[in-house]
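Q: According to TrEMBL, the protein has these features:
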TRANSMEM  6-26  transmembrane segment
TRANSMEM  38-58  transmembrane segment
TRANSMEM  70-99  transmembrane segment
TRANSMEM  111-130  transmembrane segment
DOMAIN    154-334  domain 'Calcineurin-like phosphoesterase'
Amino acid sequence: MRIQLLTFLMLIFINYIVDLYIYYRVICAWCNRRWMKWSFWTTNVLILGMVLVSVNAIKSGYNERWDYLLFWFLFLYFALYMPRLIFFVISLFDYLPLLFRHKITRWGSKVALVISFIAFVTMLSGAFYGRLHPVINEVEVVSDKLPGAFDGYRIIQISDLHLSSFGTDTAFVSQIVNQVNELRPDMIVFTGDLVSRRADEADAFTTVLSRFQAGDGVWSIMGNHDYGDYVKWNTPEQKIRNLSDIKRMQTDAGWKMLNNASTFIFRGNDSIALIGVENWGEPPFPQYGNLKVAYPNLNDNNYKILLTHNPIHWDKEVVSETNIDLSLSGHTHAMQMKVKVGRWQVSPSSLRYPRWSGLYQEDNQYLYVNEGIGCVFYPMRIGARPEITVLTLKK
């Protein structure tokens, strides 16, 4: 609690310094009118107030409608304050000549205005375009172990729906379902985080999600957000009921869950193993996932596909202890910000996760990390658009 209070006070302090600088540097210098001054400070107080309300409401466990509204409050805060912070930092270069006893320049402010404007437009684009325009990535995974009958087998992976991202509007999720079905997959897999905090986020979406179609069905696992660990529940029974509702909603949609379990997919006399583990969390969060329970013979000769929400699990257990051929994960979202040029890509997510997007290989083992569909914390995707992955198995 003390750390959270100190963080918020630090946020207020930084905002105040930035706003005070912009007030004297821009408002007073360029538009010295009383109504502009009043509106500037009034707007700032309202924005900070919305952030405080957002943080407290999210911690209190309001329903999905409140979550959606507060989601956009946070976006408004970032959209207005990030450009200001950028202007503050860059325009300080105007004062650099003072170190050499020269006059203050204006070039820093001019550059700062341009970059701040670009940042603002980029954030708007991420919220109203990038967030709602999915990309379809096609990937081939080659293995000598693959049974011949599965050569050309097509798996579509989606992940991290975070249904609170869409309030109760099912239009975008319905679009995702239509696009997936048009690709005619043999199997659909969902690698966790159906919701962000509570099961009731999914109430409006069960019918839409039931429309997924694949010859070998839809298979799903749990993500870290699906357990209700981010909500302060009044009683333990509420959390248990929430978890039960999450699982029931997926089965009601016709999905088959693999909660530390496995199954076999058959083509004639050939088969592949499909393994699913619950979320393999990093401290301080629990490790619900248990590979040995899900599939005891982890080094047998079967071709094996693993669904595991967190890609860190691959480095910690999968590569070192098993011969699982293909693992599918989500979780990172590429932090909803990515720059990609050709095959080169970079994201803030790379500072946290060694495997954060795309296909990775260690010897004969592969990991694919899907960037997800929905959003967490802020409703914006810059360069990291919602992803539908088409994985084709090749012998």
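Keep in mind that glycine also has a Cβ here, set from the backbone N, Cα and C atoms.
TrEMBL does not curate its annotations; it predicts them automatically.
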Q: Going along the chain, which residues at least six beyond the ends of the transmembrane segment (38-58) come within the CB cut-off of under 8 Å?
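A: Distal contacts: 8, 11-12, 15, 19, 23, 27, 66-67, 70, 73-74, 76-77, 80-81, 197.
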Q: What parts of the chain pack near the transmembrane segment (6-26), using Cβ distances under 8 Å and only residues at least 6 beyond its ends?
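A: Beyond its ends, the transmembrane segment (6-26) has Cβ neighbours at 37, 40-41, 44, 48, 51-52, 55, 81, 84-85, 87-88, 91, 109.
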